[in-house]
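This report concerns only the one structure given below.
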Amino acid sequence: MLFATLEHILNHISFSTISIVITIHLITLLVHELGGLRDSSEKGMIVTFFSITGFLVSRWASSGHFPLSNLYESLIFLSWALYILHTIPKIQNSKNDLSTITTPSTILTQGFATSGLLTEMHQSTILVPALQSQWLMMHVSMMLLSYATLLCGSLLSAAILIIRFRNNFFFFSKKKKNVLLKTFFFSDFYVKRSSLKSTSVPSFPNYYKYQLTERLDSWSYRVISLGFTLLTIGILCGAVWANDAWGSYWNWDPKETWAFITWTIFAIYLHSRTNLNWKGTNSALVASIGFLIIWICYFGINLLGIGLHSYGSFILTSK
C-alpha cells in the first residue's frame, strides 16, 4: 500500500511538473521578454526526471522485477528515456533543439499512461512465466530506448520538411507567425541578420533557414544513428530470449515483423545519407515515415493484443 501511494504521488508530480514546463515554453515563445523563464523550465525537467526515476525504483522494489511488464510501465519508462535524450545537448553544451521534441513527447506519453484507459495496469502484478527471465530488462529497455531515440530523430526530420515546405501548409504560411522557426530558437538568426545589415558581409534570404535545417538535419542523423544501434541491440537480445523461451530465434510474430520493418526503414534512411542525391529532403521523408512505423510497432500491436508479444496489452488487461 505504501509503494502504491508513493507511485501515485510521484507519477502526478512528474505529470504536473512537465505540464508547467510546457506552459513556460509556450509563454517564452510568445513573449520574448520572458526568455529568462527557460531556466525554470529546465529545473522543472529535472524535477520530472527524479520523480519518474523514483516511480520506477518504487515499482521495482514493490514488484520484485524491473517495471517493463505492461503498456503502462513501458510508457513511464519511455517518458524517462525521453528525458535522458533531453539532457544530451546539455552535456555537449550544444543548442538544445531536442527539447522542442522531448518536452511535448514526455507530457503526451506521461499523460496517456496516467489516463483512465490504463487504470487496471497501475497495480503491479506477478510476471507470467514467459517473462521471468534476465532478458526482460535487457531486451525491453533497449527497445524502448531505441523507440524514444528514433521518435525524436523522426520528429526532427519532420520539422525539416515543414520548414522547407512551410508555404504549402496553412498553419506555417508567411501570413502567420512561424511558430516552428521560433520554437527552434530561429530568432537568434534574426538578431544576427539585423547586426549584419550594417556591415559588408553578404547575406541571402534563405541563408538563415538553411542554417537551421542543416543543424536539425545534423541532430536528426546523430539521434537516429544512436536509435538504430539501440534497436539492433534490442532485436538481437530479443532473438536470443525467443530462442530460450520458444525454441526459435525468429517466429515472424506481428511484433517481430513490425520491428523488422522499423529496422529496415531506418537502415534505408542511414543508407540514403551516403547518397548526395537522397541526402536532405528525401532522407528526412524516409525518417518521417519511420515515425508512423514506430508507433505501429510499439503501440498498435499492444492495443490489438495479438501474437506472442501480447503480454500486458490493453485488450488482455481490460478483460
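The backbone N, Cα and C atoms fix where each Cβ goes, glycine too.
Pulled from Swiss-Prot:
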type	residues	note
TRANSMEM	17-37	transmembrane segment
TRANSMEM	44-64	transmembrane segment
TRANSMEM	68-88	transmembrane segment
TRANSMEM	143-163	transmembrane segment
TRANSMEM	223-243	transmembrane segment
TRANSMEM	257-271	transmembrane segment
TRANSMEM	286-306	transmembrane segment
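If one looks beyond the transmembrane segment (223-243) by at least 6 residues along the same chain, the residues whose Cβ comes under 8 Å of a Cβ in the stretch are 85, 98, 133, 135-136, 138-140, 142-143, 145-150, 152-154, 156-157, 249-251, 256, 259-260, 262-263, 266-267, 269-270, 287, 290. When Cβ-Cβ distances below 8 Å are used as the criterion, the transmembrane segment (257-271) is approached by residues 143, 150, 224-225, 227-228, 231-232, 235, 238, 283, 286-287, 289-290, 293-294, 296-297, 300-301 of the same chain, each at least six residues removed from its ends.
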